[in-house]
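Enquirer: Questions regarding the structure given below will be posed in turn.
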Amino acid sequence: MEFTTIDYTIFVLLLVLSSAIGLFYALSGNRQRTVQEFLLANRDMSCLPVALSLLATFQSAVAILGVPAEIYRFGTEYWFLGCSYFLGLLIPAHVFIPVFYRLHITSTYEYLELRFNKTIRVLGTVTFIFQMVIYMGVVLYAPALALNAVTGFDLWSAVLTMGLVCTLYTTLGGLKAVIWTDVFQTLVMLAGQLAVIVVGAQRVGGMARVWHVAQQEGKIAGIDLDPNPLERHTFWTLAVGGVFMMLSLYGVNQAQVQRYLSARSEREAKLSCYAVFPCQQIVLCLSCLTGLVMFVYDREHPLRPTQHSSSFDQLVLFFVMDVLQDLPGLPGLFVACLFSGSLSTISSAFNSLATVTMEDLVRPHFPGLSESRATLLSKLLALGYGLLCLGMAYVSSMLGPVLQAAISIFGMVGGPLLGLFCLGMFFPCANPTGAAVGLLAGLAMAFWVGIGSLLSSMGRAGGVPSTSNSTALPTAGNLTTVLATTLLPPVLTPSPTGLQRFYSLSYMWYSAHNSTTVIVVGVLVSLLTGPTPPAALDPRTISPVVPRLLCCLPPKMWQWLCCRVGDPAQTPSHGDATEKSNGMPNGLGPPGQREEEEEEGQGYIRSATTPAYALQETSF
């Protein structure tokens, strides 16, 4: 179908308003004249816009197309992923946010230098940049391609429009513009999905009939408690493996951590994390309901054979355009919904990439850089990454069958980075050598399993990638889910044996598997090469929940993991709490130790004469 004038008007209005928000923040306040204002929104954001921005960052257009396609094909089992959201957001709020916020850092990877050394910081930064650059072109090109195939919307006009508008408001308005455009674009995404569900359900007899028909056809899944990690989706795979996936997104990803750090207080940062939980559940419900309505609608209004032969992600667009074709403006609203997903994801990528490049690669080499020059350079970096995104979109258009491998590379990086941060926060014994070897081991394991799985599936299917163990198109950032897409129908293959079983590990366990590899290898190498000396450990870099987590361990193991200092059985008195520790160096003591009251948001106390610190414990 062709767009009407009203549809084009709604679409253009989205782009104009997004650009206007960027221009507003470029011309108001301090006009983005400082690095802190440009990269951290001057650290004065409240919890609600931060929460909606956290949500929008990883709700890309490929998720809006991919999740309904997943439900359409395989039923509602994917819905159980919502069970992982509780711990996946509670743990970052009480484990990661206190550490990052109290260190007053700008880049997540500054933490790695404070905990280990500059080499580990650079390794983490380069890994993240590689991860994001690979994905930027895909998240820009893929939805534009699907839109072009279904509506005839000019492909490169869509790519250039999204890329340039996003580059404009990100470069001019900084993080504050990114966050507020995310808020606006989140509302557009919700409105577009809700319109499709309401109109589609009404045309097949209501939501009750949709549920009844889906249940009769076996699309409403029960709880599958099969513990087999090779099964693509079970309750344990989604609810437990999904927790690690969520941690890699909401715990240590620069795009999300940067939003926590933009909050005006640690409490606001935590509240924003809590607020994401119901929002994520609503978004998941809308996507799943869209898939069910699409399934029932397709039974009563079958698509043409040429449409059925398209990829499943394009089927979502065919369904939407068919349902909304008699309602001028609503097709434009859904297209605006798709473009909002892409804009929110790409703008977050631009801003986070500019941040880590500036803070981790430029400032350390030019410590005397003035504030005005640093701000200008940050804006130029955002602009440069915007233009690079357009270049990557063009590369994506020429990748062909290699596109899936390119997307897979992104997903192979999230788990090892999560493991690296966990190694630093939970294991005081870890040293820089263990961190470097652990990260490299985790990346090697991730690429071995990921590429092995891809090549194995291509071999079994005669050169066509199988999606028997894959998921829907990946959500931005959450690309541990990316080892395959719904671009191709599933291929039935015999049960794997030998090494094939290893390659058949469910994609949902990838984050857990790869992060565990980093931690195990990192701890072993650290113990073999000599744990971190107590005097060299800054306790602010250790998570405040560590004493409680390690309290159940035998004293000997406590000593090994905590640099062999002290005995957890010995508890200091209140008066000695800030001067000595038993089990943890420099004032980090075992459970039961009471610390002095501290000002919220600071999290540590520096003495004027000694480098002792007092940590504030955080409980769940």
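Cβ from N, Cα, C; glycine included.
TrEMBL labels come from automatic prediction, so no person has curated them.
The model shown is predicted, which means the values in this text are computed figures rather than measured ones.
According to TrEMBL:
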type     : residues : note
TRANSMEM : 6-27     : transmembrane segment
TRANSMEM : 47-67    : transmembrane segment
TRANSMEM : 79-101   : transmembrane segment
TRANSMEM : 122-143  : transmembrane segment
TRANSMEM : 155-175  : transmembrane segment
TRANSMEM : 187-205  : transmembrane segment
TRANSMEM : 234-252  : transmembrane segment
TRANSMEM : 273-297  : transmembrane segment
TRANSMEM : 333-356  : transmembrane segment
TRANSMEM : 376-396  : transmembrane segment
TRANSMEM : 402-427  : transmembrane segment
TRANSMEM : 434-455  : transmembrane segment
REGION   : 571-620  : region 'Disordered'
Enquirer: Checking distant contacts: for the transmembrane segment (6-27), what same-chain residues at least six beyond its ends satisfy Cβ-Cβ under 8 A?
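Expert: For the transmembrane segment (6-27), the far contacts come to 161, 165-166, 168-174, 176-177, 180-181, 184-185, 188, 328-329, 331-333, 335-336, 339-340, 343.
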Enquirer: Flag the pair the transmembrane segment (273-297) / the transmembrane segment (122-143) as in contact if three or more Cβ pairs fall under 8 Å (sequence separation 6 or more).
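Expert: Since fewer than 3 Cβ pairs under 8 Å link them, the transmembrane segment (273-297) and the transmembrane segment (122-143) do not come into contact.
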Enquirer: Which residues of the same chain, at least 6 past either end of the transmembrane segment (155-175), have a Cβ under 8 Å from a Cβ in it?
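Expert: Sequence-remote neighbours of the transmembrane segment (155-175) are 15, 18-19, 21-26, 32, 37-41, 140-141, 144-145, 147-148, 181, 258-259, 262, 339, 342-343, 346-347, 350-351, 379, 382-383, 386-387, 389-390, 393.
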Enquirer: Between the transmembrane segment (333-356) and the transmembrane segment (47-67), do 3 or more CB pairs sit under 8 angstroms, pairs being 6 or more residues apart?
Expert: yes
Enquirer: State, in range form, which of 79-101, 122-143, 234-252, 333-356, 434-455 has the highest count of Cβ pairs under 8 Å to the transmembrane segment (376-396).
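Expert: By the under-8 Å Cβ criterion, the transmembrane segment (376-396) pairs most with 122-143.
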Enquirer: Determine which recorded stretch among 79-101, 122-143, 234-252, 333-356, 434-455 has the most C-beta pairs below 8 angstroms with the transmembrane segment (187-205).
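Expert: When the Cβ pairs under 8 Å are tallied, 333-356 comes out ahead.
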Enquirer: For the transmembrane segment (79-101), could you work out the same-chain residues 6 or more beyond its ends whose Cβ comes under 8 Å from its Cβ atoms?
Expert: 71, 108, 111, 221, 223, 233, 235, 238-243, 245-247, 249-252, 257, 260-261, 263, 266, 269-270, 273-274, 276-277, 280-281, 284-285, 288, 421, 425, 540-545, 601, 603, 616, 618-620
Enquirer: At a threshold of under 8 Å on Cβ distances, which of 122-143, 234-252, 333-356 pairs most often with the transmembrane segment (434-455)?
Expert: 122-143
Enquirer: At a C-beta cut-off of under 8 Å, are there same-chain residues at least 6 beyond the transmembrane segment (122-143) that contact it? List them, or none.
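Expert: For the transmembrane segment (122-143), the far contacts come to 60-62, 65, 107-109, 112, 159, 162-163, 254, 338-339, 341-342, 345-346, 349, 352-353, 356-357, 360-361, 385, 388-397, 403, 406-407, 409-410, 413-414, 416-417, 420, 436, 439, 443, 473, 476, 479.
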